[in-house]
Amino acid sequence: MNSDQENINSYNFESIKIGDYKCNVNRIPGDNLYLLSNFNDAEPKYDDKNGVHLEFNYKKIGESKTMRLNDGATSTVLIEGARNMNANEYFPKFVEKKKSFAEHLIRKTFAKGYESPSEIQALVVPELIQRKDTLIQFKSGTGKTHAFLFGCLWGFDPDDDVLQYIFITSSHEVATQIYEQAVFLLPETAKIALCIGQKKSPNSFGNSGFKTPIGTSSLNHKPKSIKEEREEIRQAQIIICTMGRFYDILCNKGWITTTRYLKAICVDEFDNIVASKTKQRSSTVMNTEDQMAEIIQKIESEAPKNSENGAQRVFFSATVSPYAIKIANSYFRKYSPIIGEPFIVLLDSEDYTLEGIRQYYVQCSNYFEKKEIILDLLKQCRIAQAIIFANRIETANEIKKLLDEQEVPISSAVFHGDLPAVTRKNIHKDFVENKIRLLISTDLTSRGLDVQGINVVFNFDMPDTLETYIHRVGRSGRYGRKGVSISLILVNQNKNEMEKVEQIDNCSKQSKMSQLPGDLSTLL
């Protein structure tokens with residue numbers, strides 16, 4: 001952990017290694033660290049000695065650990081007459097009801113293809129089940145989406161019609177991926193709303209020839225009128241959304257009746273949302289950091305006055321800046337015996353980049369040489385699927401034009417934030433389904449895009465920050481697969497981007513950048 005990360009100096013951090021990852025985890029001295037070795041162990045049990053608990057069986061070492069569930073975890077379901085029950089009456093009923101849902105969640109997890117928990121899932125799921133506030137930094141492509149969905153939604157009650165969970169992320173495409181995974185995991189009766197911005201279509205006409213009001217969100221992948229959209233949001237048990245759109249429906253439109261019974265607010269790509277260096281498009285639009293602060297404030301103001309729980313705060317990101325750590329600390333709930341200390345995981349500062357990804361660079365003297373080299377690389381590399389990253393929309397468009405003019409035989413599309421939402425959605429869908437093999441993209445796809453077929457990432461332009469580089473590179477080599485990144489480095493009298501190569505190498509003990517070899521036949 002570096003000196004900047006240590007600005008949370010009130011916590012005790014312990015250095016641990018889980019799998020191939022070295023992490024710094026805050027622990028109270030003497031407190032147990034529970035690791036989920038099998039998803040079946042998330043099924044709750046009850047006995048007089050341990051109360052409601054999870055039993056973790058570590059077959060490899062022939063040991064087991066019992067994690068007693070706290071009051072926050074055991075208050076996540078509606079049970080008729082619960083107020084008049086004592087603990088011996090309530091807990092067996094809780095376990096009976098929660099066990100049924102947990103079995104469903106576990107069964108769907110196996111059906112999704114997860115045979116055993118990944119490192120991040122093993123580390124984080126037990127703490128999320130205990131409803132701990134969390135700040136989790138872990139590398140891309142390690143299963144973090146399933147970690148926060150499984151851990152948070154363990155507390156979901158299908159019979160409770162109130163808004164229980166909010167999942168926020170930074171882009172339409174990532175929100176859609178989270179939504180689709182949540183729909184797969186949960187019972188069909190669960191009311192889940194996908195709430196993302198969508199430009200109005202100029203060709204939407206009713207039978208009379210006049211334009212029909214269309215909601216600016218896409219709920220359940222179907223166009224909705226504003227009235228239909230508002231009603232679905234009001235009835236939702238779970239909302240999965242982009243930051244700006246959620247702020248609009250909560251703070252501006254007031255479509256969410258109450259957050260009083262909210263169990264958790266989970267923010268993916270937290271660092272990007274609260275510490276983004278992206279300039280605002282308009283001075284009249286709040287940045288996402290200010291929107292996040294107002295959302296947290298509103299949730300706190302609506303929480304029951306006599307409640308020690310409140311909404312759990314869950315923050316995930318592949319990179320975490322010192323400023324994001326400071327903001328997360330200010331959002332965490334105040335300590336109480338029920339809530340406990342927040343659970344914070346920070347990667348070792350000297351090993352941020354993904355293992356399994358071979359990183360190469362090619363020196364270029366100017367923009368025109370870059371264009372020649374990218375054409376050569378596309379002809380020589382055996383590409384399953386790939387992304388070419390550019391820093392500007394204009395550059396992305398020029399690359400696409402170049403590929404079309406040169407008739408490069410790889411299906412491709414340009415992808416950036418100025419495209420209409422429907423166009424972005426269709427391109428994203430075609431890329432996921434491998435109908436498009438190559439995206440020429442701005443940093444819109446650098447975070448959270450989960451396409452397992454990507455085996456190479458090209459940096460046509462080097463990004464401005466190390467964090468963005470890490471996110472870009474993380475699009476390949478997903479879930480332990482092998483991947484390659486190739487960066488075009490400008491070296492001339494005016495600019496020497498080899499300094500960025502040195503910075504990348506300084507932040508990774510095991511994975512270094514090297515000059516691209518002449519023979520690319522064995523590269524992929």
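Backbone N, Cα and C define each Cβ position, glycine as well.
If you look up Swiss-Prot, you'll see Phe138, Lys139, Ser140, Gly141, Thr142, Gly143, Lys144, Thr145 marked as ATP binding site, on the strength of sequence analysis. For Ser140 (ATP binding site), the number of other Cβ atoms no farther than 10 Å from its own Cβ, over all displayed protein chains, is 24.
Feature annotation from Swiss-Prot assigns domain 'Helicase ATP-binding' to 125-338; the stated evidence is sequence analysis.
The domain 'Helicase C-terminal' annotation in Swiss-Prot covers 373-524 and is backed by sequence analysis. Summed and averaged per residue, pLDDT over the domain 'Helicase C-terminal' (373-524) gives 86.
Summarising the annotation, Swiss-Prot assigns motif 'DEFD box' to 268-271. Remote same-chain residues near the motif 'DEFD box' (268-271) are listed as 135, 144-145, 148, 167-170, 174, 178, 315-321, 324, 328, 447-448, 467 (criterion: CB distance under 8 Å, separation of at least six residues from the stretch ends).
According to DSSP, Thr145 (ATP binding site) sits within a helical segment. Helix, strand and coil counts from DSSP across the motif 'DEFD box' (268-271) read 2 helix, 1 strand, 1 coil. Just so you know, of the binding-site residues Gly141, Gly143, the Cβ with the fewest other Cβ atoms around it within 10 Å is the one at Gly143. Within 8 Å of the Cβ centroid of the ATP site, not counting the listed residues Phe138, Lys139, Ser140, Gly141, Thr142, Gly143, Lys144, Thr145, the chain contributes Ser118, Ile120, Ala147, Ala318, Gly474.
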